[in-house]
Amino acid sequence: MGRFSLGWAAVSTWAVLVYVFMFLPVAVVVLLSFNASQFGAFPMTGFSFRWFVELAENEAILRAFRTSIVLGLLTAVISTTLGVLASLALVRYRVPGANTISTFLIAPILVPEVVLAVALLLFLNFLGLHKSFALLLFGHVIFTLPFVVLVVQARLIAIKPELEEAAQSLGASPIQTFFAVTLPLMAPAVAAGALFAFTISFDDITGTLFWKPGGVETVPTQIFAMLRNSISPEINALGTVMIVMTVGLPLIGAAVARRLAARSGG
Amino acid sequence: MSSVEAREARQPWILLSPALTAVGLLLFVPLIFIVVYSFWLRTATGADVAGFHLDNWAEALTDAFYRDILISTLRIAAITTVVCALAGYPAAYFIARSRGNKMILLLLLMLPFWISYIIRTMSWINILGVSGAINSALMALGVISEPINMLYNETTVILGLVHFLLPFMILNIYVSLEGIDTNLEDAATSLGATRWQSFLEVTLPLSLPGLAAGGLLCFVLGAGTYITPLVLGGPTDAMFANLVFEAIITQLNWPLGSALSLMLLAVLGLLVAIYNRYLGMAQLMKGLG
């Protein structure tokens, strides 16, 4: 009996259906991106890479990719730096009002992104900073920061402070300790935070549509602009490339992290 | 206090200051700014008149058009949340109680987070569109001769939102189910309760915090979206954030856009505040982290 009951069977079936619901549409995007038919819809008329070739020759899409990657990397560097420093303070020190500070730092995800986008756009515009790459970067930093803080904090808690105390009691200065002990131990947390920031920035469309200057497109806003006409096979191909990038990168990252951890452990 | 202690006390603030400054200058000051700005006036020439004018607020609060869209936005978000809860609970329960590859199941659930929102939203056009999977299949089978119009209505907007938000719900429920001692259920059954009774009396109540956290996330994220209605909705399916976008980007009426943004923030902020008052933010952070 127990988990082989009728109830469990129903729950399992339901769960399978939920997974199918989650993945089927995405699978169809990937499938159709290889469709030879020129309309980018069913029926599948054959297997072809032509849409990927066309993507690679589409100057607008390549430009969008460059913009997204540069934006994502800069966002990741800045956001991770701010987030790691703040997390260190919150995990390693007894800070008065730590809970309030935490809530303050994750506030950007508690405020609806549209509202954050409007407020930042209008305020910086008032200060004379109009829609620009800089505004886009500020925006991406502020709404990726909470995710970095959450992810990095969760991982920092797992590092034992005794190791640092040991280094200091053996004569290392606080700065030496940081670079020789803390930073190597923190590396996976830092990497996870950076990866998170990059992926969220790379995916963002809600704020980006408010902040981007005319003529500048990121990959999501480019897809959005292309959708206005109709769904083309190129969009499916672009979708497939995005899926490979945003799903592939974290998986590779996780694999590399495990490798590093195994090496330092052995 | 010795100077060493003073330095010790200062250090965390030095580490915190860049992040605190960023959030302060890029979120809180701008929010205060749009409160002020919402009382300004945008003239026909496009110049702003500073001052204390109630015109934008009068328009935002009394115009039936805005009110109707606010109500339908809240309705769409509520339906989305309920559907996510009903669909997500059994799935979360399955993951939490399965003895198999829990890690794989969780990883699969996390995957959609990494797949672009715009891709996941537009993917439904491939399924429901005039030449999408369902119409093609039905026509190939001879069930229908003309494609059915299934897209671009409120139902597809909700479908898109559920697809986007379901992982948030499942993850939050899962986190709270994981925290429940399974011995409690066993104790209930050994005292004579059926498995269903022990679920209703023990497990379900104990998992309510996760359900509430997931519900809050689904509702707030759902009510704040404007991309999903643009991609999957028809011309009459605008949500409140679409009005904000229209006012700010299309009409360039920034003071009015400020007032509309603040209205949305007030409604959703009230929900977050109520949640925080009764359940606290800790549960929400557990699910996010």
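Positions of Cβ are set from backbone N, Cα and C atoms, glycine also.
All annotation found in TrEMBL is predicted automatically rather than curated by experts.
According to TrEMBL, the transmembrane segment annotation covers B:12-40 (among others).
Annotated domain 'ABC transmembrane type-1' per TrEMBL: B:70-275, in sequence order.
Residues or ranges marked as transmembrane segment in TrEMBL: B:76-96 (among others). Counting only same-chain residues 6+ beyond the ends of the transmembrane segment (B:76-96), those with a CB under 8 A from a CB of the stretch are 102, 105-106, 109, 154, 157-158, 161-162, 165-166, 168-171, 173-174, 177-178, 203, 210-211, 214-215, 218-220, 222-223, 239.
Per TrEMBL, transmembrane segment is recorded for B:103-119 (among others).
The feature transmembrane segment is assigned by TrEMBL to B:125-144 (among others). Outside the transmembrane segment (B:125-144) by six or more residues, the chain places 150-151, 156, 231-232 with a CB less than 8 A from a CB of the stretch.
According to TrEMBL, the transmembrane segment annotation covers B:156-175 (among others).
Annotated transmembrane segment per TrEMBL: B:211-232 (among others), in sequence order.
Counting residues 6+ beyond its ends, the transmembrane segment (B:252-275) has Cβ neighbours under 8 Å at 31, 34-35, 37-42, 46, 48, 56-57, 59-61, 66, 70, 74, 212-213, 216, 219-220, 223-224, 240-241, 243-244, 284 in the same chain. Per TrEMBL, transmembrane segment is recorded for B:252-275 (among others).
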Folded-back contacts onto the transmembrane segment (B:211-232), same chain, C-beta under 8 angstroms, at least six residues removed: 73-74, 76-78, 80-81, 84-85, 88-89, 117-118, 121-122, 124-125, 151-152, 156-157, 159-161, 164-165, 168-173, 176, 238-242, 244-245, 264, 267-268, 271-272, 275, 279, 283-284, 286-287
